[in-house]
Each structure stands twice: as C-alpha cells, then as structure tokens.
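Annotated in Swiss-Prot:
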ACT_SITE  Glu139  active site
BINDING   Cys96, His138, His142  Fe cation binding site
Amino acid sequence: MALLEIIHYPSKILRTISKEVVSFDAKFHQQLDDMHETMIASEGIGLAAIQVGLPLRMLLINLPREDGVQHKEDCLEIINPKFIETKGSIMFKEGCLSVPGFYEEVERFEKVKIEYQNRFAKVKVLEASELLAVAIQHEIDHLNGVLFVDKLSILKRKKFEKELKELNKNPKNKS
C-alpha cells in the first residue's frame with residue numbers, strides 16, 4: 001500500500017467531474033486500499049478519489065466507533081453512487097482534507113438513500129442519516145467537482161477566502 005498526495009483547494013483538479021468506474025480489477029482494488037491508508041493517515045472520515053487525483057466515481061467513508069477508533073471492516077467503499085431518495089434538512093459543521101484547517105456549518109439532507117457498487121461491482125442500497133448522510137453527500141459532491149465551501153453563504157465564503165489569504169501569506173502558520 002502507498003500513501004497518496006491529497007490535493008488542496010484551490011487546485012482546479014478538485015473541480016473535475018469524475019467518470020464512472022468500469023473496471024473492478026486488481027489495480028482498482030489497490031487504488032481503494034491506497035485511498036483508505038491515505039484517509040486514515042490524514043485523520044479523515046471520508047475521501048473521494050478526485051482528492052488524490054483519480055477522476056473516478058469512487059469514495060470511502062470510515063466513521064469511528066464509540067471508542068473513537070476507525071476499523072477497516074467498517075469502511076464503506078462506495079463506487080458509482082446515485083441518490084435514490086433524500087429527506088429533511090440538517091445543519092452540520094464540516095471540514096475537508098482538501099481544505100485543511102477550515103470548518104463551517106453547511107446545510108445538507110438529514111437522510112439519504114443511495115444505490116452504489118462495492119469493490120466487486122455488486123449493486124447495493126444504503127440508507128443513511130445524520131453524520132453518515134452528511135459524509136455521503138460531502139463526498140458525492142467531490143465526484144461532481146463541488147466543495148463544501150461552495151455551499152457557504154456569501155458572508156461565510158468571504159470569511160473563508162480571507163482566512164485562506166492569511167494562511168497563504170504566512171505559510172509557517174500551516175499545520
């Protein structure tokens with residue numbers, strides 16, 4: 001396995017609309033494994049392939065258990081996802097591995113139902129609510145070239161741009 005480089009905002013790569021996965025071969029499985037290793041090493045709970053430069057409709061979500069530990073067997077590998085149903089509304093504070101150090105409240109659907117394929121191309125259906133629903137929406141947005149900062153109000157977006165400018169002026173402040 002290998003750690004992959006996470007692409008950061010404002011890279012244009014993050015605006016790429018990802019293509020359907022058609023080959024579920026050994027190379028594809030290795031990409032999923034490398035993505036998982038990268039996500040865990042970066043202390044993330046989700047990662048879309050485009051965030052590591054792969055323009056493919058695949059994402060991972062690995063929520064920690066009550067003890068705060070992320071177990072690989074809990075990792076959702078979601079390939080070629082499609083929304084079937086969405087319900088309700090929830091405000092949730094989000095962050096992103098591609099936008100490090102910035103967290104802001106974003107409005108999302110409270111519940112989602114998706115159809116997707118697993119690593120073996122088997123079609124599955126998943127119903128999710130709260131944090132899992134938010135994470136799914138966040139990562140699917142990445143597959144469509146959308147970042148959570150795009151969903152901010154004008155005021156919050158200006159705050160984000162100002163913080164980003166300050167961070168870029170003083171790179172030693174980066175964590």
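Including glycine, each Cβ sits where the backbone N, Cα and C put it.
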Residues near the residue listed as 'active site' in space but at least six apart in sequence (CB under 8 A): Gly46, Leu47, Ala48, Leu59, Leu60, Ile61, Ile78
For the Fe cation site built from Cys96, His138, His142, further residues of that chain with CB within 8 A of the site's CB center: Gly46, Ala48, Gln51, Glu94, Leu97, Ser98, Glu139, Asp141, Leu147, Phe148
Around the Cβ of His142 (Fe cation binding site), the count of other Cβ atoms that are within 10 Å: 24
Other CB atoms, at most 10 A from the CB of Cys96 (Fe cation binding site): 26
Local backbone state of Cys96 (Fe cation binding site), from DSSP in three classes: strand
Count of other CB atoms lying within 10 Å of the CB belonging to His138 (Fe cation binding site): 24
